[in-house]
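The active site feature in Swiss-Prot is assigned to 147, 203; the stated evidence is similarity to another entry. What Swiss-Prot records for 1-47 is region 'Disordered'.
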């Protein structure tokens, strides 16, 4: 359906300052540039089995982007700024990070082509396209601006009892898309060293990709108990997958299912950990119990999170993760009450240079 990725990876000295080890040295709005991400696998630690590791991406490989903006024209709860968010983000990614227009899929509800409408079927198809054939050090980008919400959690993996959802333009007939499904498509399949950057400018978006590590400007908010999960056999599936041991993975899954269906209470809610050997980062515009703002900034309707992310990076393109999180918070604080969050598929050294 969608064209493949075109062009060679950026050259060794990329003009894009947020690729690993690129850009003018020492430039960071008067400060030293934070250290780049390590190039070797990093152990999860925190009680995880020895050898259970993840890999940061240096973001020098191929680039693909999926951008979704839904204004819900003619529907109750119509929004004004979501399509503008996508236009602004696509221009920013193209001009500042080397994402080619032909390697972007844009789904907005002002387009005439039915395949470019943000329907549930088109969104799911595009999610599969985004992660297809991804390789280590590729940089994938996912952006959603539209309505978000919550629905009752059916698999027991949410602390508040609710799954986070997004609403396609045809949600009244086709239904919503649940965070579990987005995680399965866009996170679970990624190899070590593949970067997926996601931005959700929607209500109840704090855990929209079901990533287990959550950070705020104050530090870490949430992290999984890997020692407990390892004791339940929940990490062995991922460990086998990382080793390429498909038979081991299947036997582990089979064992978990057998235990879960045999009435063993301790395994009745056994589920695979949501950690990943890949490098998945998510910026969200609100915690799960907050609502995001559809705003007017400089005379243009826009989503507050999308605007703050672009504004903060334009002012200083070489910040650490925690510096960028604070910069986004400071931009939002001038106009809004919502608090930004950073979620990750692995434990994150927030003092490293943010690359994309």
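Glycine is no exception: its Cβ is also placed from the backbone N, Cα and C atoms.
A coil conformation is recorded for residue 147 (active site) in the three-state DSSP classification, outside any helix or strand. Neighbours of residue 147 (active site), defined as other CB atoms within 10 A of its CB across all chains, total 25.
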